[in-house]
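Trainee: According to TrEMBL, the protein carries these features:
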- 4-97: domain 'Amino acid transporter transmembrane' (DOMAIN)
- 18-35: transmembrane segment (TRANSMEM)
- 41-61: transmembrane segment (TRANSMEM)
- 73-94: transmembrane segment (TRANSMEM)
Amino acid sequence: DNDNNENDNHRHNKCASICFRCTVVLGSTVVAWLIPDFGKFLSLVGASICSILGLILPSYFHRKAFGDDITTMELIIDYFLIIFGVVFGIIGTYESFTNLFSSSDDDH
């Protein structure tokens, strides 16, 4: 009886996983279809999210994880990366946002 419950749970989890994957693929397809120049949209997402995930959050988590054990140089680097990520994330997001709504004739 316990084995039947485990098999049912496994089948349910596998079915849910497949449904989730199909939903993500279909959602991505719809977004790509609705946005005429998907590359511009992708640059908007990349500019905002990548600066957060690649620069800001790792430095922030480093500071939180090590607290008082961080050397002055590590603290300076963390703050530099956070400021760098915020400034260039804003600039990149702004540029990508304006490019998203500009006509394709204005491209370089």
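Glycine is no exception: its Cβ is also placed from the backbone N, Cα and C atoms.
Small disclaimer: the values here were computed from a predicted structure and weren't measured.
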Trainee: Using DSSP, what is the helix/strand/coil residue split across the domain 'Amino acid transporter transmembrane' (4-97)?
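Mentor: Helix, strand, coil within the domain 'Amino acid transporter transmembrane' (4-97): 89 helix, 0 strand, 5 coil.
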Trainee: When you scan the chain for residues with a C-beta under 8 Å from the transmembrane segment (73-94), skipping those not six or more beyond its ends, what do you find?
Mentor: 43-44, 46-48, 51-52, 54-56, 58-60, 62-63, 66
Trainee: Counting only residues 6 or more past its boundaries, what in the same chain has a CB within less than 8 Å of a CB in the transmembrane segment (18-35)?
Mentor: 41
